[in-house]
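Feature annotation from Swiss-Prot assigns GTP binding site to 12-18, 42-44, 258, 284-286, 324-326. According to Swiss-Prot, the feature Mg(2+) binding site maps to 13, 42. Summarising the annotation, Swiss-Prot assigns IMP binding site to 13, 14, 15, 16, 40, 41, 42, 43, 127, 141, 179, 194, 256 and lists sequence analysis as the type of evidence. Residues or ranges marked as active site, proton acceptor by Swiss-Prot: 13. As annotated by Swiss-Prot, active site, proton donor applies to 43. If you look up Swiss-Prot, you'll see 252, 253, 254, 255, 256, 257, 258 marked as substrate binding site.
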């Protein structure tokens, strides 16, 4: 049995969606479990020529034999969930998705409070999804749980029990985190952070898996850094410089333009240390080094790219096992057999 957790190494938008889709398609886990805050972050998935922006359903949905679980630590907006059921109908997502009855529920009131809050909407740069107010109500013990929502009755399951049963019987579980380390309520650039911790240990707790059962922690970084909203960004470059490097990105949930910066080695080292990373996945290498676009062999990477990868490994002490060189799943260099 193996239990792997995938986490974002910076401020989110690291390319977790593609990594999850690739890893789940290749490794074929029995359960893919969503951890993290809730529908305030979007994962982009490109598969068979189609693009999907997901906020609750695990990005590994393309592995159609897996059960899809949403852990107790995740906030659920039933409207978002049901829309994704419809959007992913051909993958039979509705029939194999299960929500822990202890998930807290986001309501219209939470969304309105989020959007109307001068502090959250303007200073912090909240996505307006209602996650902050919902987590606040959870702390106050006034929030509704999934068990209280009749429309969710057919989708309820004890996620912790099911994931641990699979692991205890030799199966494989993949835990999908959201956002990124630098947005952690505890370790991020406070107060410009999200409404809970976003590290690997919390993602395990979100799903109800104990730390002794976790085998791999895969920390995802882009070859450059991006950030949506306000807050410190030490390596930020101007929009003009970003455009000169052909980098222009927009958030999946908000549509806001992402700020761009150079790779931050100090952030990477701290992220790997606190997450307990055992592997690094490096994405968007083709954006920084266009001559490496769609490369599928490490030997075919340019000397400059290899030097960059080796520097990350040397500084963090963590092997770079996955290198993404394009948006398609086949544009991936998988070095796990060689390095692990």
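Sequential numbering from 1, following the chain as shown.
Using the three backbone atoms N, Cα and C, a Cβ is placed for every residue, glycine included.
Keep in mind that what you see is a predicted model, and the values were worked out from it rather than measured.
Comparing the binding-site residues 12, 42 on other C-beta atoms within 10 angstroms of each C-beta gives the minimum for 42. The sparsest Cβ neighbourhood within 10 Å, among the listed binding-site residues (44, 127, 179), is found at 44.
Set side by side, the binding-site residues 15, 255 differ in how many other CB atoms lie within 10 angstroms of their CB, and the most is found at 15. Of all the binding-site residues given, namely 256, 258, the one with the smallest number of surrounding CB atoms inside 10 A is 256. Across the residues the record lists as binding IMP (13, 14, 15, 16, 40, 41, 42, 43, 127, 141, 179, 194, 256), the two Cα atoms farthest apart are 34 Å from each other. Separating the Cα atoms of residue 12 (GTP binding site) and residue 179 (IMP binding site) is a whole-number distance of 4 Å. According to its DSSP assignment, residue 325 (GTP binding site) is coil. Looking only at the binding-site residues 15, 18, 257, 285, 325, the one with its C-alpha closest to residue 179 (IMP binding site) is 15. Look at residue 18 (GTP binding site): DSSP puts it in a helix.
Ranked by Cα separation from residue 15 (GTP binding site), the recorded positions 42, 43, 255, 256, 258 are led by 43.
When the Cα of residue 18 (GTP binding site) is compared against those of the recorded positions 42, 43, 255, 256, the shortest separation belongs to 43.
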